[in-house]
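Here is what Swiss-Prot records for this protein:
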- C90: active site, proton acceptor (ACT_SITE)
- G91, H92, H223, D249, G254, T255: substrate binding site (BINDING)
- C253: active site, proton donor (ACT_SITE)
Amino acid sequence: MARHSFFCVDGHTCGNPVRLVAGGGPNLNGSTMMEKRAHFLAEYDWIRTGLMFEPRGHDMMSGSILYPPTRPDCDVAVLFIETSGCLPMCGHGTIGTVTMAIEQGLVTPKTPGKLNLDTPAGLVAIEYEQDGQYVERVRLTNVPAFLYAEGLEVECPDLGPIKVDVAYGGNFYAIVEPQENYTDMDDYSALQLIAWSPVLRQRLNEKYKFQHPELPDINRLSHILWTGKPKHPQAHARNAVFYGDKAIDRSPCGTGTSARMAQLAAKGKLKPGDEFIHESIIGSLFHGRVERAAEVAGRPAIVPSIAGWARMTGYNTIFIDDRDPFAHGFSVA
């Protein structure tokens with residue numbers, strides 16, 4: 001029997017939780033972060049479930065573990081953990097991780113105000129604004145994002161046939177826009193969106209294939225992005241992003257905002273240099289920007305950036321005790 005101890009720094013990014021594991025993370029094998037992610041999932045996924053699920057976490061919990069970089073052009077490597085698994089990339093998680101890592105002295109950037117992250121999805125460039133000991137704002141330049149498919153149709157409970165576009169922004173997103181059987185996210189409750197989303201995701205994954213053309217391990221649709229008209233006077237659009245089994249992102253979602261910008265750019269509604277301010281279900285904002293045009297395996301793409309803020313909420317030393325029947329966590333359906 002053993003008691004495993006993890007020192008965590010807890011916080012949130014624009015309302016969505018981030019738990020940064022600053023001590024106790026396992027040593028991982030692999031020459032890339034994608035390989036280290038695979039090792040973690042094969043042997044240490046109990047750490048993720050123990051720290052993210054109840055009774056130590058909750059349905060919306062999201063986190064990260066810091067590692068030495070696997071590539072010379074990066075300052076630090078990040079493994080993202082949450083209730084839905086180990087995401088290749090997480091935008092809100094990046095903003096929270098960078099904020100807390102800088103404020104707590106866990107990372108020393110080679111160049112003050114800039115940081116290169118080694119993630120399973122690739123290099124993510126960071127610029128941050130610091131006022132004394134506090135990080136006020138983080139802008140991440142994400143991996144290339146692209147529109148993957150248009151007009152895919154499946155049956156949605158209660159609503160009927162629904163058409164979605166699928167875009168990649170670090171994860172694959174099904175984007176649900178207003179149409180005959182769906183009006184606006186504001187016309188439905190969060191509980192309805194949570195009930196419909198896993199069915200929609202499952203049916204899309206069963207009917208269609210989703211495969212990143214350059215990253216073989218990214219091969220499924222993981223998120224549903226419900227769209228709506230903005231309420232905030234600065235915002236261009238509003239969203240509710242579903243992830244995991246029953247979670248709605250409280251932030252505007254960084255990789256989701258990247259995917260949305262890629263979709264809009266592919267349809268001629270955004271161009272390099274344009275800004276896109278995205279509002280979350282609770283009214284917080286991410287400031288997106290199309291940095292430049294790009295290409296992914298011959299597909300037109302964009303390089304998006306996302307800016308947002310995070311706040312630290314406290315320190316947490318968490319035990320995963322083998323004597324505990326719920327050591328590896330649980331989720332109530």
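Cβ atoms here come from the backbone N, Cα and C positions, even for glycine.
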Among H92, H223, the one of these binding-site residues whose Cβ has the fewest neighbouring Cβ atoms within 10 Å: H223
Local backbone state of the residue listed as 'active site, proton donor', from DSSP in three classes: coil
Spatial separation of C90 (active site, proton acceptor) from G254 (substrate binding site) - C-alpha basis, Å: 7
Residues within 8 Å of the G91, H92, H223, D249, G254, T255 Cβ centre (excluding the substrate site residues themselves): C90, G93, G169, G170, N171, V241, Y243, S251, P252, C253, G256, T257, S258
Recorded substrate site residues G91, H92, H223, D249, G254, T255, farthest C-alpha pair in Å: 14
C-alpha spacing of the residue listed as 'active site, proton donor' relative to H92 (substrate binding site), in angstrom: 6
For G91 (substrate binding site), the number of other Cβ atoms found within 10 Å of its own Cβ: 33
Shortest C-alpha distance to C90 (active site, proton acceptor) - which of the recorded positions H223, D249, C253: C253
Neighbouring C-beta atoms (10 Å sphere around the C-beta of G254 (substrate binding site)): 34
